[in-house]
Amino acid sequence: MSTPVTIHTLSGTSRLAGVMGWPVSHSKSPRLQGYWLAQYGVDGTYMPLPVLPENFAASVKSLRDLGFAGVNVTIPYKQAVFAVCDELTDRAKRIGAVNTVTFSPDGKIQGDNTDGFGFIENLRQYVPDIDFSSGPAVVLGAGGASRAVIVSLLDENCPQIRLTNRTASRAHELAREIGDDRITVVDWPIAKTSLCDAALLVNTTSLGMVGQPALEIDLGGLAQSAIVTDIVYAPLKTNLLLGAEARGNKVVDGLGMLLHQARPGFHRWFGVDPVVTSELREFVLSPV
Ligand code: ATR
């Protein structure tokens, strides 16, 4: 007996999108966007686009000229794409990076950053009554992800951000660049002192990720009502989240940030605001 074949064809008016990076084979975006394309029956495709650095700028313009609706941009191009964009959203300027590009009908290249949106929406999905203005947030790490997290928390009226990083100069530099007096830099060796009366603790460092050292922080001073989240999602439950959960804190893993940050691009390119479900989570995590 022959196996039934699922046929996916594109029409002459299919919408085209993809993810540009170098390398790009690690990206979960094609699987994620592909799931939504199938779920919503969209006449479109989303493909991995490995692009060498010397070809990057020309490739973005070529995709526009080829009629693509837009692209996601990942490492190492999140900053380089700035120079290619004709228009940038306010949040992309403040975060200092672009992850979502849309080609407008008049040929303009529009850059946005949806990482902060993904961070906030992930927390809202698991803690629907979360109030970001209810107390200080402690942010561990001062890389690109930290910047998106901090900008989004400030936009949600977080009253104070306590920023701490192994390399103190990077934390000071980030605070200076964002330029909001609600950011206070705390020395890394005394990070635990910043937990007192915090409403939210966020790990944006790579500590705790598969193959990286664990994040060691004494949570003793953290209120039980505080929410703890990690942008690391491999493993889903980092030692930070396991430790926080064991002492009664509500925890939110980092996978949802990846899933939610993809929504605005899908909406713009394919016309549907997609939903992040537990089935999607399982699909994205399952081996190809
Ligand atoms: P991303 O853009 O994904 O945030 P990044 O810019 O490489 O990545 O930042 C990684 C973060 O993890 C930084 O805050 C880094 O601290 P440093 O600025 O001191 O490098 C942090 N990090 C990585 N390894 C670390 C370690 N072993 N101990 C403490 N922090 C670490």
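Heads up, the Cβ atoms here are built off N, Cα and C, so glycines get one too.
Computed from a predicted structure; not experimentally measured.
Within Ile120, Ile190, Ile231, the residue that TrEMBL lists together with Asp90, Gly141, Ala142, Gly143, Gly144, Ala145, Asn165, Arg166, Thr167, Ala168, Ser169, Arg170, Gly254 for binding NADP(+) is Ile231. In the record from TrEMBL, residues Ser27, Lys28, Ser29, Asn99, Asp115, Tyr233, Gln261 bind shikimate; the candidate from Thr3, Thr6, Thr74 listed for the same site is Thr74. Not a single one of the binding-site residues among Lys28, Asn99, Asp115 has a C-beta coming within less than 6 Å of an atom of ligand 1. Secondary structure from DSSP puts Gly144 (NADP(+) binding site) in a helix.
Among the binding-site residues Ala142, Gly144, Thr167, none has a Cα sitting within 10 Å of the Cα of Lys28 (shikimate binding site).
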